[in-house]
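**Q** Starting off with a structure, shown below.
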């Protein structure tokens, strides 16, 4: 059950803000073995691991066009409409992030500029596990398509009958995924990192997963392929004062807790009354949840923290740097201006985390484990590279050249200096 903490001292903060431990190092030997086998044996190894881990015997990894077409008829019109609405909002928000480059003359005759280009080949990992995360398909494939990624590869584990959830296939087709493969876990990450007979090698891998997937992404990113960001268990913090609705707050905490047993939900509040009411409401709502066993286990990692004022609440919040932050206070826009460490922020009593998880338009692939102090969530920028260009004309070289020569000489790099000198000699 959630722990009630009242007026902790600053000396206690570090202990209070600890996340559930995610020890991937102990898994590295196992994960490395799987990666090496897939790298050496390709499809054969992936198929063997699918049989061992996902308990399914597959004849091929590739999802056929017939399977994709059939999926549309297997989900309700209501769900198709919801997915289409979410896709439209995600597309609208991420399209607004398009880079507009401009040429800058840093001095007369010296011009610099940038060009944004999509990463040519990207791999998206969509977990199977306890729920079909078709929303993550939209969060990753939509910005990849806007960025101009030429090849968008998706891997997701099949069920025991060898089928992919139809909502995942529908979302993938709607968002413009190029190829879909029946592969999960470490073997899927390895297949995208190194390529197999079926699965193309990609340049960057995106998507959440369990501790094995996290370890695999860490290992392949050491030298072979880029990844989106360091990942850990999902988390939410609600920052609230006496004006907050305890029913809403409890619902938000539980919506995070049902993600998985290692998720974390935190309330930081200035109201002792709210703290007590939220505890009571969490217990009431928990009893009605289908995934209550998972949520209850997660709540053991979770805390309801009472602090003396909003200044302290914000200081503690910025120290925690939550993946998701819900601000339910009287003057939430003013409070939000003082938030400097968070992945995504949800403002006011009518903005639950679920909105960003699914359909408001922001991305739900976010930094966890305190990485919001240094990392951003996935955005259009995650799928592009910015190439810099520069052009120097004669009048520019005459002015900038001597400065370059002087700097190169003082760094004892004579060839650097000479590359300028030979050009200046032609301009005399």
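Cβ from N, Cα, C; glycine included.
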**Q** Please identify which of 309, 311, 357 is recorded by Swiss-Prot as part of the Zn(2+) site containing 256, 259, 416.
**A** 357
**Q** 234, 302, 376, 379: which one does Swiss-Prot list with 256, 259, 324, 357, 411, 416 for the substrate site?
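**A** As annotated by Swiss-Prot, 256, 259, 324, 357, 411, 416 share the substrate site with 234, chosen from 234, 302, 376, 379.
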**Q** Using Cβ-Cβ distances, find the residues under 8 Å from residue 324 (substrate binding site) that belong to the same chain and are at least 6 apart in sequence, listing them in sequence order.
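**A** Listed in sequence order: 234, 235, 236, 237, 256, 342, 343, 344, 346, 353, 356, 366.
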**Q** If you count the other Cβ atoms within 10 Å of each Cβ, which of the recorded positions 323, 357, 411 comes out on top?
**A** 323
**Q** Count the other Cβ atoms sitting within 10 Å of the Cβ of residue 234 (substrate binding site), across every protein chain shown.
**A** 23
**Q** Fewest other Cβ atoms within 10 Å: which of the binding-site residues 210, 256 wins that one? Let me know.
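**A** Relative to the other binding-site residues in 210, 256, 210 has the fewest Cβ atoms within 10 Å.
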